[in-house]
Structures are given as structure tokens and as C-alpha cells.
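Swiss-Prot lists 1-403 with the feature region 'Ncore'. Summarising the annotation, Swiss-Prot assigns region 'RNA packaging and organization of the helical nucleocapsid' to 1-375 and lists similarity to another entry as the type of evidence. Feature annotation from Swiss-Prot assigns region 'Homomultimerization' to 1-36, 373-391; the stated evidence is experimental evidence. Marked as RNA binding site by Swiss-Prot on the basis of a curator's inference: Lys180, Arg195, Gln202, Tyr260, Asn351. Here Swiss-Prot flags Thr279 as phosphothreonine. Summarising the annotation, Swiss-Prot assigns region 'Ntail' to 401-525, 404-525. The motif 'Nuclear export signal' feature in Swiss-Prot is assigned to 425-440; the stated evidence is similarity to another entry. Per Swiss-Prot, compositional bias 'Basic and acidic residues' is recorded for 433-452.
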Amino acid sequence: MATLLRSLALFKRNKDKPPITSGSGGAIRGIKHIIIVPIPGDSSITTRSRLLDRLVRLIGNPDVSGPKLTGALIGILSLFVESPGQLIQRITDDPDVSIRLLEVVQSDQSQSGLTFASRGTNMEDEADQYFSHDDPISSDQSRFGWFENKEISDIEVQDPEGFNMILGTILAQIWVLVAKAVTAPDTAADSELRRWIKYTQQRRVVGEFRLERKWLDVVRNRIAEDLSLRRFMVALILDIKRTPGNKPRIAEMICNIDTYIVEAGLASFILTIKFGIETMYPALGLHEFDGELSTLESLMNLYQQMGETAPYMVILENSIQNKFSAGSYPLLWSYAMGVGVELENSMGGLNFGRSYFDPAYFRLGQEMVRRSAGKVSSTLASELGITAEDARLVSEIAMHTTEDKISRAVGPRQAQVSFLHGDQSENELPRLGGKEDRRVKQSRGEARESYRETGPSRASDARAAHLPTGTPLDIDTASESSQDPQDSRRSADALLRLQAMAGISEEQGSDTDTPIVYNDRNLLD
């Protein structure tokens, strides 16, 4: 048996080990396409600001091709360094693209005010064609839809401080898009707006240079569909992190935004470690968790072997990311989610609608937190020198502070209330009759009358007065209402009616085991 266990441990380690590179053959290269990246050909701030202005307009042009859009974005991303060309050549190692650098200088003979640096060759026409200034119609179209403040006609400046503020504002909006461009592009707008408000309050960006939503959507879509662009951005982040000493302000801002980018798409793996293992509850000793604990141990070793690119494996489309999916350890993940929703309110809004989600182990995690509330770890107490009297005091305080948290209903609640189909009577309330039915109708009537007399906000207070005092608020519903102001009143009304019904059902007692089925179509609107 000992030999079998050793073989099993060795098998688990080798199973999740990444392939070993060998020198039997050369690197596999794909069919490359050329990306032209314009960079400043001199150290003039006017040249850089004019190039930034033309590239922002170019990205806002809907007729721009994908490779040209990628080149324009790489040019903007590298404008904050002293030598953009050296930076691009140093960090670029992409098997799918071949980058060509074009130095840009000022010109009074071109419509764009820029030309490509060359030895004795007139390149004004080519520069105008690249920056879409050869067609007056496209030139006029490119002036709209890039800044929300339509009074800004251009962003050409002469002083370095003003240029850095404008460039930092534009770069912040581009880098924020990376966090959810791959994992959750449909829900990215809210988080991006929160980041923008944060950096505006910190004076890291200038609010007047907020870019149009259409422009940001174009950039987000390009980041999502172009792996080469994401490879460049990740390589730039890693290069900034390796830089010793003080970094430029824009570089520090990029590192700050990286905290939202790092480990994107790895929430299941990270949260399972945080709530399932680091909490060290006794439930980890269950036999059901033995296999998944060894799997998670192998994945943690694999994560470390991948090096500095491991947190970006989803953004870089690394095929090994599938091993870190929660489907590889479903029981431990379900247990960790139960622990998480009890310990942190922010976990209540997570989506648990997975095919491998196990409600039994989810409830196990919840019960472990509830029954372990106020207990002090003897091992940690001995290491910290905590006496038995101090441990009892801590337990007593913790029990009082967690009573309110334990009494709240947190987590998925899909099975608590069942709604009838449309072919059933709207006013029918099964297992409610006589006195209870009249009380429901009375509470609804008083709520509607209060709404007519006092308005939406005061009517909500009036309805709240008829609720049982012991009925807790739905945290998940409240958070969703705060995120959608247009539906907040309707959601609050539905929540109050639902709580009124729940309060009535609690007064019935425990005579029946069949759950009550309510029918209120207003709750489904």
C-alpha cells in the first residue's frame, strides 16, 4: 500500500507538470503578418503630442483595418518612454507578427502635420494616407466620437508636464479595458467606470479627456480579438516590474492598474485556495477532499513553475489554463464558495450556476463558518502567546459581533421561492386562506395607497413598517438595485412584497413540509 501511495503521488505530480522544452528542433513559427508602428523620430514634445493626437483620431476611424489598429495602439502604449523603438524591439517576441517601426517627424507640407523620416524621399503623401488625411470625408468623421468633451479640437501641447497628463489619461483608459476584455466584456462598463472615478479622485487623470464610449468599445474589442496586442501589453507590464529604482509616474499607474489585470480568469482557483485551504477548517479532513486536495497541490506547484507569466495565463490564451478550472476540484470549490459567502459580503454576488456546483458541500462550508464562529485556534494562540483567558474573551466578543452576520441569508437562494406559471390564477395563494390571505391583500392595498399619497421613496418606508422586524434584507438584491438606479424602486417594491409573504409563512408554523408556492407576476417584471 505504501508503494501504491508513493506511485500515486508521483503520478499526480507528473500529470500536471508542463512539457519540458527540448533542443530537437527549432521553434514553431506561424504565418506572420506585418504591423506598422509609428514612433517619434525626435525628442520634441510637439512631435509626440501631434503623433498622439493623430493616433487617437486614427483609432476612432471605423474603417481602420485590424493590423493598422494594433500598430496604432502599440504606438500609443509606448509613447511614455524616452526611446519607444528600443522598448518595442526589446520586449517583442511574437511568433504571429512582424513589427515594422516608422519614425515620424514634423512637416509643414502635409495635411496631418507629420511625415515619415527618410533620406531625401518625400513621404508626406504616404503619411497623410496612413493617418487618413487623404480623404476629407474620413478626416471630418475622425474628429467626432473620440472625446466626450466636444470642445476639445486637438491635444497638441508643447510642455512635457501637460503632455504626460494627457497621455497618462488616455493610457489609463486603455489599460483598464484589459481587465475584463477577455473574461467578461459584457459587464466591463461598470468596473471601468469605477476605476475611472478612482483615478480622477486621485488626480492621476484629467476628467476633461474622458474618451467616448464608442472609442473605448473599439479598443476593448481589438484587445479581446488580438492575442499579439495582449502579448505586448503583458510583456510591457513585466518589463516595468523588473525596472529597479523609481519609475515614471505613468509606469507606476500601469502597475497600479495591473492589480485588476493580474489573475484575470483565475477566480475559482484563487478563491478556492483562499477560502477552502487558508481558513484551515476541520472539514478539510474529510475523505471526499483527499483527491482534490492533492490535485490542488499539484496545480499550485505548476503555477509556480510557470513563472512570472502564470497570473496572465488566461489573457495570454495559454492552453494549460483549463487545468485550473473549478471543474478539476468541484467538491472543494463548492465548499470554498460556501465559506466565502459567509465570510465576505462581496462573495454573495458571484455566479454559482455551474454544472459541477454541489449544494451539499456549499452548505457544509456555510455551516463550518457558522459553528466555528468565535473559536480560537489553539496552535495559533500558542504561537502568539494568547492565554486561555484572552482566548475566552476573544471568543465572547467574536460571538456577539457575528450574530448579525450569521442571521443574514447570504448566497444562492433560487429554491426559496417558487412562482406559478402564467396559466394559474394571479390571486391564488396555495396553503394560505382566510386570515392570512386577507392580511396579504391588506398589506398590498396599504402599500399601493401609500405610494399614491407619498410618492415612491416615502411609500417604500410606509410598506417597510408592515414587515416583520425579524425579516432580514436580501443583500444580493440590494446590491443589484444599487447598481441599476433605473430599476431600484421596482426591485425594492418587489422585495418588500416578497418579505411580507415570507413573514406570513413563518407565522404558520411547521405543520407542513411542502414549500409554499407564491404567484405574484409583479415580482417577475
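Backbone N, Cα and C define each Cβ position, glycine as well.
Local packing around the recorded positions Gln202, Thr279, Asn351 was summarised as the count of other Cβ atoms within 10 Å of each Cβ; on this measure the leading residue is Thr279.
Here the region 'Ncore' (1-403) has a mean pLDDT of 87 out of 100. Residue counts for the region 'Homomultimerization' (373-391) under DSSP, helix first, then strand, then coil, are 11 helix, 0 strand, 8 coil. In three-state terms derived from DSSP, Gln202 (RNA binding site) belongs to neither a helical nor a strand segment and is classed as coil. Comparing the Cα of Thr279 (phosphothreonine) with the Cα of every entry in Lys180, Arg195, Tyr260, Asn351, these being the binding-site residues, the smallest distance points to Asn351. Lys180 (RNA binding site) counts 22 other C-beta atoms within 10 Å of its own C-beta, drawing on all protein chains shown.
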